[in-house]
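So the structure is just underneath, and the comments pick up after that.
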Amino acid sequence: MSEETIRLGRERRYLVLLGIICLALIGGALYMQIVLGEAPCPLCILQRYALLLIALFAFIGAAMRTRRSITVFEVLVVICAIAGAGVAGHHVYTQFYPAVSCGIDVLQPIVDDLPLAKIFPLGFQVDGFCSTPYPPILGLSLAQWALVAFVLVVILVPLLTSRNRKALR
């Protein structure tokens, strides 16, 4: 096995782990929705879409064979994480300033018309308000945890990729 093959295998494992973590986060959100009765707002649903896209691109990237194709999907993962961080950041802002509505009247029909809301309404249909406070987990709200997760993806994916490929140059 060549050095490049070993390093690309490591990147593939990172991507598979990232995809599994994103699916676990969506599973946790569904658990909180179904079992704990915490209704998802439009911004929550958009964050779920971002996590799902990150997982999808991570799994596809892990299936790629060339460095260039893996890089393309790593870039897509980072773009989705940046979008997710933007949504989560706005959600955190909305929770700190409840007078600022997330626009449930505007966003709800748009989010509810997305394809997954029709296929899997339990997981991707809006049912709550963005300013509704839920009990924090380890001192942070769900929106804050989502922001942390997205920022970690934005930082760690390029960092791990560049460190992994540094010796190949």
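Every residue gets a Cβ built from N, Cα and C, even glycine.
Placement of P40 and P121 with respect to the membrane, taken from Swiss-Prot, is on a common side. Recorded disulfide link (Swiss-Prot): C41 to C44, out of the candidates C22, C44.
Cα-Cα distance from C44 (disulfide bond) to C130 (disulfide bond): 8 Å (rounded to the nearest whole number).
Mean model confidence of the topological domain 'Cytoplasmic' (65-71) amounts to 89 (pLDDT, 0 to 100 scale). Following the DSSP three-state reduction, the secondary structure of C44 (disulfide bond) is helix.
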